[in-house]
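A.B. asks: Next up is a structure, given as structure tokens.
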Amino acid sequence: MENKVQEIIEKQVLTVAKAVEDKIDDEIAALEKLDLDDIEVLRERRLQQMKKMAEKRSRWIALGHGEYTEIFSEKDFFTIVKASDRVVCHFYRENWPCKVVDKHLSILAKQHIETRFIKIQAEKSPFLTEKLKIIVLPTIALIKNTKVDDYVVGFDELGGTDDFTTEELEERLAKAQVIFYEGESSSFKPSKPQTRNVRHGSNSHDSDSE
């Protein structure tokens, strides 16, 4: 019986090895078929991709991406939202929970240059807090293409305590697709958000009060 099992295992191993070998052979054959013109086309395509990415990074940096910055007027908020495709905005007041959020967003801003990270004091932005129905602080508004697409309200989605990790908040932002993320969260399907155009604030946002 043991010999039979061993024989089956050996056959399976050989089958897998043969499949891998065939795949490698096919890839080598494909590479061998490339002539100098094909290689030059691939090289040029790669250079163009790198150039476009470099241009994007330069534009993002010029717009203030890469840093977590405070804005002091509602007018600045609208200017930023119109200029950047993805914006994470922390509505805060001077308290400990908001300082915890500040710590994590400061880290993520540097890691995700594709997104603009900002904060604005809720009490000094009455128009925005009313239109966007900001009730609980801290609230993080997740904005894509000028629309508030999702919210992180308080710490309920982050374990309910202030000792959540930067990675947990990063995964939550990735779930909303407001940042690019290569980790496990890249497979998350975003929940159906309550989209709101920040220019009109037409939809309501339900949340528990403090």
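In case you wondered, yes, glycine gets a Cβ from its N, Cα and C as well.
Pulled the feature table from TrEMBL, pasting it below:
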COMPBIAS  184-196  compositional bias 'Polar residues'
DOMAIN    71-155  domain 'Thioredoxin'
REGION    184-210  region 'Disordered'
A.B. asks: With DSSP helix as H/G/I and strand as E/B, how many residues of the domain 'Thioredoxin' (71-155) fall in helix, strand and coil?
C.D. replies: 35 helix, 26 strand, 24 coil
A.B. asks: Per-residue pLDDT averaged over the domain 'Thioredoxin' (71-155) comes to what?
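C.D. replies: A mean pLDDT of 97 is what the predicted model shows over the domain 'Thioredoxin' (71-155).
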